[in-house]
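J.: I have a structure I would like to understand better, so I am pasting it below and will then ask my questions one at a time.
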Ligand SMILES: Cc1cc2nc3c(=O)[nH]c(=O)nc-3n(C[C@H](O)[C@H](O)[C@H](O)COP(=O)(O)OP(=O)(O)OC[C@H]3O[C@@H](n4cnc5c(N)ncnc54)[C@H](O)[C@@H]3O)c2cc1C
Ligand SMILES: NC(=O)c1ccc[n+]([C@@H]2O[C@H](COP(=O)([O-])OP(=O)(O)OC[C@H]3O[C@@H](n4cnc5c(N)ncnc54)[C@H](O)[C@@H]3O)[C@@H](O)[C@H]2O)c1
């Protein structure tokens, strides 16, 4: 059995960054990835980057067939680059196989052709990501007409009539994206409102903009049956006390992603899982077995590429630093749902801040008031920022506007640096930019 100092299972964001780091720090490392089409992980192959590329080309008016070709070229290039970034390191090896634990420190590797080998590792890092969660609805099964996000992006033509199950980030981004290519999109979600837990002004604005772009929303709906034929999919759903049916060409299932832990052979180890099926970790990402860590989606944390990257930093700090860095250091996690315009958030909403006992100042600005929005010919949206009345520090922000995905990082800096809001109010900004609107936003709080 070949022995390695380090084994990384899964070529995800945290794992590949760690593998590169270890190899360049003179440690041998084996990276095990079950699919040669996934070198580099979910984000670059089937997640963030291809979806944003399709969103961008939809906005530019590129036909879907051409856009999907560009997406495929981009992911192929990124996959190659990611593979070589690790595999070309003299101390690193990449193997195409599925890993399963035999015990805490040895693994069975099964190659795509069925060949097996056993390896052992002094340290093992689990970075196996997540896969779509399919709700237990009669007739609902992925196939020709019922797709996950990867299959939807790989369609050769945009669907004519598309149903989407789930109004989370995948459901919303794909709904807006397919609508921009001309698909008739209907989105089903059990909540009364889109964007559950967001600022109410933003829920209203986004809902109105999505409807104006041609999207049909079936909110407060429960899909109870899915029936497929060779070229249609029919949904039966309950809504407002009535049972209805609707027919589509395709259904995209976007109802969350489940950590990939079930097939790892964990029953051969003392590695515990959580009630939701994630690998149980402490705040230093240590599993319940010695010298085994879990990074990224598989550990049940927020499912973002930048969280997986931060998981790498936590593990690196244990191996090469002071060992103090932990998930508790993540005070504020910015997010962006890439709608048009994008929707970015950080920290608390007004309701959450008040519920937590803060006296708040609420600042709000309509995007219409921002010159750069006029220049960009998209004046939809608003900024809403919540400030603590005593400390003058920012508690949370929701930005729904062009460039919100960039401006939110400026707010994150102020929050992490414990800066008073007046600094952003009085700063010099380049012009014309969406950031300079912070000068105006912070002039006068709304009356409470
Ligand atoms: C459509 C979509 C859009 C998204 N958009 C964004 C976005 O805009 N911004 C953002 O931050 N996040 C986004 N995400 C989420 C983001 O992609 C994930 O949070 C992130 O990629 C998770 O990375 P990871 O490090 O956990 O592992 P992953 O990148 O998921 O890698 C896990 C790897 O492990 C492999 N693997 C699994 N089991 C085994 C095994 N037993 N043996 C060997 N290999 C195995 C898998 O094949 C996979 O390559 C998006 C996700 C999707 C699906
Ligand atoms: N821009 C981004 O950062 C981005 C983009 C895409 C995905 N992601 C990540 O990927 C993860 C997965 O995204 P997601 O949108 O699949 O999951 P999600 O868990 O965020 O949202 C799932 C949605 O499906 C709905 N739902 C659940 N069961 C349902 C049912 N039976 N019928 C109809 N609706 C149902 C829920 O109400 C919810 O709105 C997210 O948590 C996110 O972190 C991030």
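Cβ from N, Cα, C; glycine included.
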J.: Among 241, 256, 265, 277, which residue does TrEMBL annotate as binding NAD(+) at the site that also has 166, 167, 168, 169, 170, 171, 172, 173?
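T.: TrEMBL names 256 for this NAD(+) site.
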J.: Using all protein chains in view, find how many other C-beta atoms are within 10 Å of the C-beta of residue 168 (NAD(+) binding site).
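T.: So the Cβ neighbour count for residue 168 (NAD(+) binding site) comes to 17.
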J.: For a Cβ distance below 6 Å to any atom of ligand 1, name the recorded positions from 43, 166, 172 that qualify, or say none.
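T.: Checking each Cβ against ligand 1, the ones under 6 Å are 43.
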J.: With a radius of 8 angstroms around the mean position of the C-beta atoms of 166, 167, 168, 169, 170, 171, 172, 173, 256, what other residues of the same chain does the NAD(+) site pick up?
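T.: Neighbours within 8 Å of the Cβ centroid, excluding 166, 167, 168, 169, 170, 171, 172, 173, 256: 164, 174, 254.
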J.: If you measure every Cα to Cα distance among 166, 167, 168, 169, 170, 171, 172, 173, 256, the residues said to bind NAD(+), what is the biggest one in Å?
T.: 14
